[in-house]
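Visitor: This is the structure I have questions about; it appears just below.
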C-alpha cells in the first residue's frame, strides 16, 4: 500500500490559506507545470505547502537558497509530518575550499574540506528513503543540483537480507566491503561492521543510533535483530533488512576496470596534445597526479577527489548530464522552490562559476578535461529533470511571472496583521522629521529600522543620533556573525531603540517589536531600491499592529509607485477580511531567543553583556577552550537538528579561529 502524508497541526487553514491550498492542489493534479504562490510575509506559506503535499501525496523536493533557511524549513516540515520521511540534504562540508589555480602567482590551492558526519548521515538517510517509501519530503539547498552517483548503480548494490535466506557469512563480509563498508571491531561507528562469532553487526550509513545484527546458523541467516548501538539493548526482530551503500559513488569492480582504462586513454591523448603545444611542465604535472589517483583506485577502489572522474566511473560520454539527487526521485515528484526570486537565479548561476574555475585547472595540468563534467546542472537541464514546480515568494521574479502569469495569492495573515501604512515625505528636513518619529516610537517601547544607501551615510547618521542621546546600533556588512545575532537581540530587549543598516533584507530581521521602517533616498533607483527590494524591506514592519513605513524622496520612481500600490492593494484585502470576520490585529509575541553561550565567562555573569569584548581579552589557552566547548555545542545542535543554531556556532568558531 502507498504510504500517505499525515499532517499533524493544532490549527486548521485560515484566511486565504484554504483557497490557496485548493487552487495549487487542483492545478498540480491537472498536470500544470509551473505555478506560483505569492505569499506575503507572515501568512503561513510553509503550512499551506504542507497541506498541498498532504493532498497530492507524492515524493516532494523543497529547495531553499541557503543551509540556514533549509534548516528552518526542515524543522517546520518535521513538525507537520512527524510520521513521514522528512529528510535534509545539503552540502556536507562544514567549510569548503575547492581546488583552484592562480596562474599570475603560480599558486595551486589544494581542495580543503571538513565533512560534517551528521549531515553526511542525513544525506544517506534521504537517498535511501527514496528507494524504501513513497511519503518522502526532502528539504535541500542548491547543492541538490551537484553531481551524485548513478541511482541505478546505487540501488543495484543494496544488500537485501531476509530471515531463512541461504548466505555464507564470509560472502556477506565481502559484499559489505564492496559497497564501501569498513570492518572495524574496535571503533564501531556509522558505515562500519564488526564480526562476533556467528553474528555480523552493521551500522548503516543512514543511521548511527542502532545497528543491524545478522545471526547465522551454518550457511543460513537464522535471525536479524535491530540493536541499540550504544547500550546493546535489543530493539526488535526484523524479517527483512536493506543495507544501502556507504557512499553515493559506488562502482562495481568490472566497471572500475573499464573506467581506469578510459582514464588512461584520455590521459595519453591529453599528454600528447600538451607536449605538442610545448606545455611540458603541465604535462608532467598531469601525468604524476593522474597516475597517483589511478594507483589508489586500483588498490583501494577510491581516491581523494574521485568525483573528478565521475564521468568515467558512470561510463557517460563527454558533456553528458551528471546524475544528481533529482535522479533518485521517481518520475512524478513535485518540486517546491522557496524564496524563488533568490533561489532560481542561484540555480542558474552555479554552472558558469564552476566551469570557469575548472577550466583553469585543466589548462594548467591539474585535472583531465573530463573533470569539467563533474559539475552542477545547467539551468536548461534542471528544467528538463523537473516536471512540476511550485514557486513560493513574497516578490516573485521575472522567470516565475513569465511561466505562471496567473498566480495564487495568499495575502491574509492568520494573526489579522496588516501590511504597513506607507507615507512618502520630502528629503529636505528628513533627519529632524525622522528624529520626531523615533521619539514617538520610544515612548511606546517600539523599535525603528532605518535603511540608507551608503556606508558613509549610515555611519554619519548613527553618530548623529548617538550625539543627541539616542540608543542606536549600526548593522554593516563587516559585522561578525556573533555580533550580528547580539545586535538583533539587543534591539529586541530594548538595549537599542534604533537599528541603522544598508541591506535589511537578510534573514533574521523579522522583529515583531519594529513598528517603523524608514527608507532614506527611496527615489535613487538601484538594487536596494527596486520594486522587489522595497516590498521586502517594507515587510519588515508587517509583524507589528502599528506597522508604518516612511519613504524619504523628492520624486516618485516607478519602483516606488509599484511597491506602494502593491502594499496598499494587500492592505485593502486584509482590512476587508478583518472587518468581515471581526478580527482585531495583534502584534506577534515572539520570545527573545538566547544568543549562543559563547564563553564560560559569559555564562557566569547574570547580566547580559556582549561576549565578544570578553573574548578579545582572553589568553590563547582560554580561547582554545572556548572554541572546543563551542564545537561540542555545534555538534550537539546538529544532532538535535537545530541547524540554525549549528550554523551560527560554525560561523562564530571560524571567526574566533581566524582572530586567534
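Heads up, the Cβ atoms here are built off N, Cα and C, so glycines get one too.
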Visitor: Identify the motif 'Beta-hairpin' range according to Swiss-Prot, selecting from 68-91, 92-115, 116-139.
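Guide: That would be 92-115, the stretch labelled motif 'Beta-hairpin' in Swiss-Prot.
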Visitor: Give me the mean pLDDT over the domain 'Helicase C-terminal' (430-596), rounded to a whole number.
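Guide: In the predicted model, the domain 'Helicase C-terminal' (430-596) has a mean pLDDT of 86.
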Visitor: Just to confirm: which same-chain residues, 6+ apart in sequence, have a Cβ under 8 Å from the Cβ of residue 39 (ATP binding site)?
Guide: 20, 45, 48, 392, 393, 394, 409, 410, 411
Visitor: Other residues near the ATP site, CB within 8 A of the CB centroid of 39, 40, 41, 42, 43, 44, 45, 46?
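Guide: Other same-chain residues near the ATP site: 48, 394, 410, 413.
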Visitor: For residue 45 (ATP binding site), name the DSSP secondary structure in the helix/strand/coil scheme.
Guide: helix
Visitor: Here are some binding-site residues: 41, 43, 46. Which one has the most Cβ atoms within 10 Å of its Cβ?
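Guide: Its Cβ has the most other Cβ atoms within 10 Å: 43.
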Visitor: Within the domain 'UVR' (624-659), how many residues are helix, strand or coil going by DSSP?
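Guide: Its residues divide into 33 helix, 0 strand, 3 coil.
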Visitor: Using a 10 Å cut-off on Cβ-Cβ distances across all protein chains shown, tell me which of the binding-site residues (42, 44) has the largest neighbour count.
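Guide: Ranked by Cβ atoms within 10 Å, first place goes to 44.
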